[in-house]
Amino acid sequence: MNNQAYGVTPPISVANSTPKENELNDSLIKELKSRGSFESETATKKRVEVLNILQSMTEEFVYKVSIKKNISEGMARDVGGKIFTFGSYRLGVYGPGSDIDTLVVVPKHVSRNDFFEVFYELLKGRSELEEIAPVPDAFVPIIKIEFAGISIDLIFARLDIPRVPRDLTLDDKNLLKNIDEKDLRALNGTRVTDEILQLVPKPTVFKHALRCIKMWAQQRAVYGNIFGFPGGVAWAMLVARICQLYPNAVSAVIVEKFFHIYSQWAWPQPVLLKQIEDGPLQVRVWNPRLYALDRQHRMPVITPAYPSMCATHNITSSTQKVILSEFQRGIELMNDINVGKKSWSDLLERHDFFFRYKFYLCIVAATRSTYAEHLKYSGMVESKLRLLVQKLELVEGIELAHPYVKSFENGYYCDNAEEAHEIMNLYGTSKGDDRVKGVLHAENNDNNKENVENKVELHMTKLFIGLKLDLSKEGEKKLDIQYPCAEFFNICKGWQDFDSEKHFIQIKNVKLYDLSDDVYVDGETRPIKIAKRKRAVSKNEGKKKPKSVGTVSAA
């Protein structure tokens, strides 16, 4: 029995698992395996081999830069350089096809420019490299690579120390001194994941429970920080807290308690894995007593590593309602699973987002240019979607503005600008599906320049918000969302690289029965509108609820 104290409060129960709970746990692991949650031993060994190569390359990178900066041969060999992992790989919850979040840590004489020049060239010289995409201007500068069949996100941090030996750990807060904000953000990922693993009583129990909750959150479409839902680190911390409260429980019990505890949680009381610490930096630490912005956080989940921050600051009124509703569904299903009425597969059933609402807003970001340029623009629009959600929540008549957590992309080569505009105007609807039949797909071009000469290249990304309306007020006819849409357009057009000749943004209202086919997956039958019989119009017709959201202007 594990009697060590974990967390900011005593445990709720230190009871060991019962035979029935162990049986339930076995069936959970079996379900996760059947859904491909675990990677093969061979694939995992390959990851380790690739990380060993990257470690050697990091040392070679630091050596080359050191020599270039007139450091002696002996010292250049000794200054080191080390890689750290973070995210799902470090937490031990990765699956087939998962990427590896990797941090390259270097001594003080190696710069970020060196990373994007010298290390970049070293990577390009490797036969294992399949793809490489440097993004030096990102919030956390990154080099994305496909290396020996594995996707890897490489970020960089320079420490204010002369050597980075292989046995260096990042738990000493003093290592954060005299570094810039980008370095601090880069180091934070590894420091947070390392602390989470140190703060759970039984790491294996935590990992299996997290695999389940992560899969549940993805299946139920409540996973994604950028869209106003918890991201991977936040879900990990939420699971870790339950592990602290039930230190001797098996993973199946952790999952059950997860839903019960968080559906009754006194939000906005924060979820903490340890007391918030002070440190040596003049940086802001999460503190709702001091900062008004921190008081606005609806479901705060606080990172354990200094400087502590809220990992769920993007949650809105609507996304909180959606999350709490999913917690309640989880409770009901766990009750049935416990008595054998339901199975784990019912808990992990796919969401019904594209069946749930009568009205949807389809936000279209379009670029008449290359796919690479479109990715930058559409990424910016995605990052701003939650701001539109927040503005819609203030509109009278909107009870819920529910963002979907994935985008859909398509590219076409159009005959002319008029055809491109027509396709754009219908994109996201069933009519749009019909319109593009026979139009050359940009992704299927195979770089055949003869096929696309004099064509207009068009790339589009669509995002969806489901609207739950309450138009019960007497005489309420229309929902006016012109103002929040206009504000959103202005935000997008305020992007520093916005070009009105190339970049376009639209918001259109689409009814359930008019959604495009690609939002449904194999096995789902899209809703079909049943034609109603015509009837006589009564004199009270004007008092009934409206049948549409009204027209939304496009920009």
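Heads up, the Cβ atoms here are built off N, Cα and C, so glycines get one too.
Annotation comment: Swiss-Prot describes 1-20, 532-555 as region 'Disordered'. As annotated by Swiss-Prot, ATP binding site applies to Phe86, Gly87, Ser88, Asp99, Ile100, Asp101, Asp153, Lys214, Tyr223, Gly232, Val233. The Mg(2+) 2 binding site feature in Swiss-Prot is assigned to Asp99, Asp101, Asp153. The Mg(2+) 1 binding site annotation in Swiss-Prot covers Asp99, Asp101, and the record cites similarity to another entry as its basis. According to Swiss-Prot, the feature site 'Interaction with RNA' maps to Phe139, Lys144, His313, Asn314, Arg386, Lys391, Glu487, an assignment based on similarity to another entry.
A map of Swiss-Prot features onto the structure.
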residue	record	Cβ contacts under 8 Å, 6 or more apart
Asp99	Mg(2+) 2 binding site	Tyr89, Ile150, Ser151, Ile152, Asp153
Asp101	Mg(2+) 2 binding site	Thr85, Phe86, Gly87, Ser88, Tyr89, Arg90, Asp153, Ile155, Gly189
Phe139	site 'Interaction with RNA'	Arg185
Lys144	site 'Interaction with RNA'	Glu131, Ile132, Ala133, Pro134, Val135, Ser151, Ile152, Asp153, Leu154
Tyr223	ATP binding site	Lys214, Ala217, Phe229, Pro230, Gly231, Gly232, Trp235, Val405
Val233	ATP binding site	Gly87, Gly189, Val192, Thr193, Ile196, Thr303, Ala311
Asn314	site 'Interaction with RNA'	Asn225, Ile226, Phe227, Gly228, Phe229, Arg386
Lys391	site 'Interaction with RNA'	Tyr483, Pro484, Glu487, Phe488
Cβ neighbour count (within 10 Å, all chains shown) around His313 (site 'Interaction with RNA'): 18
Structural state census, the region 'Disordered' (1-20) (DSSP three-state): 2 helix, 0 strand, 18 coil
Cβ neighbour count (within 10 Å, all chains shown) around Ser88 (ATP binding site): 21
Three-state secondary structure, Glu487 (site 'Interaction with RNA') (per DSSP): helix
Which of Asp153, Glu487, the listed recorded positions, has fewest other Cβ atoms within 10 Å: Glu487
DSSP state at Ile100 (ATP binding site), helix/strand/coil: strand
Span of the ATP site, taken as the largest CA to CA distance across Phe86, Gly87, Ser88, Asp99, Ile100, Asp101, Asp153, Lys214, Tyr223, Gly232, Val233 (Å, rounded to a whole number): 20
Cβ packing number for Phe86 (ATP binding site), 10 Å threshold: 24
Env. residues of Mg(2+) 2 site, Cβ within 8 Å of mean position of Asp99, Asp101, Asp153 Cβ: Gly87, Tyr89, Ile100, Thr102, Lys144, Ser151, Ile152, Leu154
DSSP-derived structure type at Phe86 (ATP binding site), helix or strand or else coil: strand
Pairwise Cα distance for His313 (site 'Interaction with RNA')/Ile100 (ATP binding site) [Å, integer]: 25
